[in-house]
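Trainee: Encoded as structure tokens, here's the structure I'll be asking about.
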């Protein structure tokens, strides 16, 4: 009985104290080819840990889906990138996460790689806040 109580208390402690998948503030760098520099924007995205496991014995009949902390709902915001050529479209639309969950990474809308370019990558040498 004590081991059941301990397991229950441990799970409660872990749920409260350990960071799970949640919204977090990040800064991303935005650039457009027609403009001569990048700007940094503050937004929200999902970060944290999701329970997952990798089976030792792989079963081809049962796919092994690793869960990742990803967005459940998004809204889009638009900023004007300064310094663009007169004929160029200076508006940049970016996603803002409003709700997160642990789920399969959607490769159509998310960079699911282990090592992407990162949110602060800029092709130009000039970055403005």
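The backbone N, Cα and C atoms fix where each Cβ goes, and this holds for glycine too.
According to Swiss-Prot, the record shows the following:
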SIGNAL    1-18  signal peptide
DISULFID  21-69  disulfide bond
CARBOHYD  25  N-linked glycosylation site
DISULFID  35-84  disulfide bond
DISULFID  38-122  disulfide bond
CARBOHYD  42  N-linked glycosylation site
DISULFID  46-100  disulfide bond
DISULFID  50-102  disulfide bond
DISULFID  105-112  disulfide bond
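Help me understand the surroundings of these features in the structure.
Mentor: When secondary structure is read from DSSP and collapsed to three states, residue 21 (disulfide bond) falls in the coil class.
If you take the C-beta of residue 25 (N-linked glycosylation site) and look for same-chain residues 6 or more apart in sequence within under 8 angstroms, you find 42, 43, 44.
Same-chain residues at least 6 positions away in sequence with a Cβ under 8 Å from that of residue 35 (disulfide bond) are, in sequence order, 81, 82, 83, 84, 85, 88, 90.
In the three-state DSSP assignment, the secondary structure recorded for residue 46 (disulfide bond) is strand.
Around the Cβ of residue 112 (disulfide bond), the same chain contributes 68, 105, 106, each under 8 angstroms and 6 or more positions distant in sequence. In the three-state DSSP assignment, the secondary structure recorded for residue 112 (disulfide bond) is coil.
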Trainee: Would you say which of the disulfide-bonded residues 38, 84, 122 has the most Cβ atoms within 10 Å of its own Cβ?
Mentor: 38
Trainee: Based on Cα distances to residue 50 (disulfide bond), point out the closest of the disulfide-bonded residues 21, 38, 100.
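Mentor: Nearest candidate: 21.
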